[in-house]
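**Student:** First, the structure itself, so that you have it in front of you.
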Amino acid sequence: MGPVVLLLVVAVAVSAAPAAAELPRLEHSPKADGSLSILAVGDWGRRGEFNQSRVATQMGVVAEKMDVDFIISTGDNFYSDGLTGVHDRAFEDSFTGIYTAKSLQKPWYTVLGNHDYRATPWRRPALSSRKSTAEVADFFFVDTTPFVLQYWTNPKDSTYDWRGVAPRDTYIANLLKDVEASLGRSRAPWKIVVGHHPIRTAGKHGDTEELVQLLLPMLKAHGVDLYINGHDHCLEQISNSDSPLQYLTSGGGSKAWGGVYAPGADKVEFFHDGQGFMSLRLTATDARLAFHDVAGAVRHTWGHAKTAHY
Ligand SMILES: *[C@@H]1O[C@H](CO)[C@@H](O)[C@H](O)[C@H]1NC(C)=O
């Protein structure tokens, strides 16, 4: 077998185009042995505080050991109100000055969180996209903040900058159409969707009902394997009762909430209310993930093997 080409797919609803478009797409090659290693971290940008720096240090250690190919950020990249522009010092104080290990100087693929949407008077880049390592995995990055109705209606959330997004209904309809079309075309062994908000969670925020209604049926219909999110400041894995889908929360990049545990109907495989991050190693037939805590200890692992036809 020749070298496996990894293709990453990111999902962004960029226009109000009437026909379903494929999401903007980025490709990434796997290693020569056909594997792909990644880290996922969320809810982090606090100028190193709340153990952000300690988590970053451990990410560097694990990234070196695994020789990671890229890092996924599940959003809420800059607290509390996103970036003010391309020259905002927070970019250095909370990102480039924190994740300094050589092993972390790799592509970072991110979604925006609700905090990144606040009071940011500048044009954000495309919001959903698809990254593909086609023979190993397709990753679909979905902009979930506009789904949450409360951000549009609650007066206390009036700082949200919806320019380029409003009206909500059109944006969501187009985004879902594009995600559906891209999922439908994916032939990758692993389909992985990344969004900021949890679909199912045992954390403080609870399930995101808008995603349960609008996005989840699509993920199940297309056999999505993993949904990776942040928003709840914890680490968790929940398995779906009627499909192979695993819900993975990696929202422990800085401030952890602690002491909140509210399981729903699905099975909670793992829950940690402190800081940390997730690692994932994929080949065409195997997935292995681990959750690492603030001290670098492995708190939970999970693996899954697939036969070659998918
Ligand atoms: C940082 O992590 C340590 C555990 O290693 C914990 O005791 C401490 O409370 C954490 N600090 C914050 C601000 O969360």
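Each Cβ is built from the backbone N, Cα and C atoms, and glycine gets one as well.
Note that TrEMBL annotation is computational and uncurated.
Given the structure is predicted, the values throughout are model-derived calculations rather than measurements.
Copied straight from TrEMBL:
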SIGNAL    1-21  signal peptide
DOMAIN    37-234  domain 'Calcineurin-like phosphoesterase'
BINDING   ASP43, ASP76, TYR79, HIS233  Fe cation 1 binding site
BINDING   ASP76, ASN114, HIS196, HIS231  Fe cation 2 binding site
**Student:** Over the span of the domain 'Calcineurin-like phosphoesterase' (37-234), how high is the average pLDDT in this prediction?
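**Tutor:** Result for the domain 'Calcineurin-like phosphoesterase' (37-234): average pLDDT 91.
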**Student:** Beyond the listed site residues ASP43, ASP76, TYR79, HIS233, identify every same-chain residue whose Cβ lies within 8 Å of the center of their Cβ atoms for the Fe cation 1 site.
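**Tutor:** Everything else in range on the chain: GLY42, TRP44, GLY45, ARG46, GLY113, HIS115, GLY230, HIS231, GLY251, GLY253, SER254, LYS255.
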**Student:** Rank the binding-site residues HIS196, HIS233 by the number of other Cβ atoms within 10 Å of each Cβ, and give the residue at the low end.
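**Tutor:** Relative to the other binding-site residues in HIS196, HIS233, HIS233 has the fewest Cβ atoms within 10 Å.
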**Student:** What's the CA to CA span in angstrom from HIS231 (Fe cation 2 binding site) over to TYR79 (Fe cation 1 binding site)?
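**Tutor:** Distance between the two Cα atoms comes out at 12 Å.
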**Student:** If I restrict to non-local contacts, at least six residues apart, and a C-beta distance under 8 angstroms, what lies near ASP43 (Fe cation 1 binding site) in its own chain?
**Tutor:** THR74, GLY75, ASP76, GLY113, GLY230, HIS231, HIS233, GLY251, GLY252, GLY253, SER254, LYS255
**Student:** Through the lens of DSSP with three states only, how would you label ASN114 (Fe cation 2 binding site)?
**Tutor:** coil
**Student:** What other residues of the same chain, not counting ASP76, ASN114, HIS196, HIS231, have a CB atom within 8 A of the CB centroid of the Fe cation 2 site?
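**Tutor:** Here the nearby residues are GLY42, ASP43, THR74, GLY75, LEU112, GLY113, HIS115, ASP116, THR144, THR145, HIS197, GLY230, GLY251.
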**Student:** Would you mind pulling the DSSP three-state label for ASP43 (Fe cation 1 binding site)?
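**Tutor:** In three-state terms, ASP43 (Fe cation 1 binding site) counts as coil.
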**Student:** In whole Å, note down how far the CA of HIS196 (Fe cation 2 binding site) lies from the CA of TYR79 (Fe cation 1 binding site).
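**Tutor:** Checking the Cα atoms of TYR79 (Fe cation 1 binding site) and HIS196 (Fe cation 2 binding site) gives a distance of 14 Å.
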**Student:** Give the number of CB atoms, excluding that of ASP76 (Fe cation 1 binding site) itself, located within 10 Å of its CB.
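**Tutor:** ASP76 (Fe cation 1 binding site): 30 neighbouring Cβ atoms within 10 Å.
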